[in-house]
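Student: Per Swiss-Prot, the feature transmembrane segment maps to 42-62, 88-108, 116-136, 149-169, 187-207, 222-242, 253-273.
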Amino acid sequence: MNGVSAVVLGVIEGVTEFLPVSSTAHLTIAEALMGMKTDAPAVTAFTAVIQMGAILAAIVYFRRDIRTVVTAWFRGLVRADERRSPDALLGWYVIAGTIPIGLAGYLGRNVIKHDLRSLWYVVAGLVLWSIAIVYAERTAAQRRDLRDMRLPDAVFIGVIQVLALVPGVSRSGATISAGLRQGFDRVAATRFSFLLAIPALLAAGIFELKDAVGTSGVSMASLVVGTGMAFLTAYASIAWLLRFVAHHSLTNFVWYRVTVAVFVVAALTTGLVHAV
């Protein structure tokens, strides 16, 4: 993993992590185009660790929201009158929504790292979840905000988030679509998607960090560069997406997703890239 590769992958991670286009799909495609073996330990560990840059960007961007929720959650542990406050409950909902992907990610880590790294899975995920995004947008009521959230909503969104372990689905695409299906408006669904991303991706990055540092082909310098680039570009991406969803439908991303899928199929069938 050289410096140029680290910069390129870091930028791709940051730009795409929170957009409903699948960062894993874009990273896998970029790795294949650069001649990397997409299921190699060095590659999978590197991409997992640089996610921490994107997550740090989310933490910085939503620092006031996070401080409010965490403070209310801890107060709710010791004060009965705080336990039912909207912010304390939101803390519990983030925890509940994180549990499904935490269990699935840990129990299925070998399948995720190897069996699901094929570009054909990327194509399937991009196309099939594009249909789900269109369906969610066209059938959603979009009348609720985060203060209307209940435990079944959080669990449902968390379960749908598990599908994002398949490259091409998109974690944000899955969770925002699920939020829309539960009747939340786009901004509320997107904000909860960001909050839900923080514990899940931070845990994945920390879990992979020790392996990445000790893996041949991954230097600490490349990890720092990739993570730094992911942070900078993710911060800008978050700010842009929140403004975008306030006035535009997620279906605007569908044509892009389908175009990427068509490109990957063409690249695979012509031998430009290999599936794994």
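If you go along the chain as it appears here, the first residue is 1 and each next one adds 1.
Using the three backbone atoms N, Cα and C, a Cβ is placed for every residue, glycine included.
Small disclaimer: the values here were computed from a predicted structure and weren't measured.
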Student: When you scan the chain for residues with a C-beta under 8 Å from the transmembrane segment (253-273), skipping those not six or more beyond its ends, what do you find?
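Tutor: Sequence-distant neighbours of the transmembrane segment (253-273): 19-22, 25-26, 29, 32-33, 119-120, 122-123, 126-127, 129-130, 133-134, 168, 173.
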Student: Three or more CB pairs closer than 8 Å, sequence separation of 6 or more: does that hold for the transmembrane segment (149-169) against the transmembrane segment (88-108)?
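Tutor: Contact between the transmembrane segment (88-108) and the transmembrane segment (149-169): present, because at least 3 Cβ pairs are under 8 Å.
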Student: Ranking 42-62, 116-136, 187-207, 222-242 by the number of C-beta pairs under 8 Å to the transmembrane segment (88-108), which range is first?
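Tutor: Maximum Cβ contact count belongs to 187-207.
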